[in-house]
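Below: the structure, in structure tokens.
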Amino acid sequence: MQLTLFCFVCLLPGHLALPLSQEAGDVSAHQWEQAQNYLRKFYPHDSKTKKVNSLVDNLKEMQKFFGLPMTGKLSPYIMEIMQKPRCGVPDVAEYSLMPNSPKWHSRIVTYRIVSYTSDLPRIVVDQIVKKALRMWSMQIPLNFKRVSWGTADIIIGFARRDHGDSFPFDGPGNTLGHAFAPGPGLGGDAHFDKDEYWTDGEDAGVNFLFAATHEFGHSLGLSHSSVPGTVMYPTYQRDYSEDFSLTKDDIAGIQKLYGKRNTL
């Protein structure tokens, strides 16, 4: 099967940039080059027809997703959105399921943590992973079981640069992590960039609990939401409180896939 990858990312390396055009608006040539790569990555086709769009149409798709006037022109504010750390899946409206709605069919999904960050004690990473998975399992008839060796449905780890899955990390900033849709092999696995500064709720660095909860949403089969403030919103904010929870939109999406958990 074809694997679907999702990741937190800020900017992508530029290539094949077009000459500065009218659509560039009030931005520099370098920013226009960055914007082209961003649009090709996150808005490659029309959300309804699935046809490949021009860059102008891609930009309008982005503006529509974020509730902005669909001018088809860049602005400093749009560039600001593009430069926020985020997950690397193309954007869609409200909650969305991945193509073909992949999901886990067993009621017990195993996970294994194979590598750690030096920023947090291992026991803290273990606790955060457990807490992030529990946020989802509290809403659906699915349970997670940790294994210490051998194979597991979801392999979780921290890695640098090229780490064997054809999606290398890029050092501090930009890409923060990525996860694969449910399935065999790499399916469901969640990787985090070891070069980031991972924290347990500090102001600086990346809040690992929030990032893990977001990525595990992808590991379960969710795509992105256009609703600001949701866990599955594509851009990463640094002001999430430690007592955040899944929103109604997040819950609606995951229950669309798995149904509601019986609390009786």
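Heads up, the Cβ atoms here are built off N, Cα and C, so glycines get one too.
In Swiss-Prot, the Ca(2+) 1 site is described by Gly185, Gly187, Asp189, and among Asp153, Asp162, Asp170, Asp203 the residue recorded at this site is Asp153. Swiss-Prot lists motif 'Cysteine switch' for one of the ranges 69-76, 85-92, 117-124, 213-220, namely 85-92.
Reported as a whole number, the C-alpha separation between Gly173 (Ca(2+) 2 binding site) and Cys87 (Zn(2+) 2 binding site) equals 12 Å.
Per Cα geometry, Thr175 is the residue among the binding-site residues Asp170, Gly171, Thr175, Asp193, Glu196 nearest to His224 (Zn(2+) 2 binding site). Comparing Cα positions, Thr175 (Ca(2+) 2 binding site) lies closest to Cys87 out of the binding-site residues Cys87, His214, His218.
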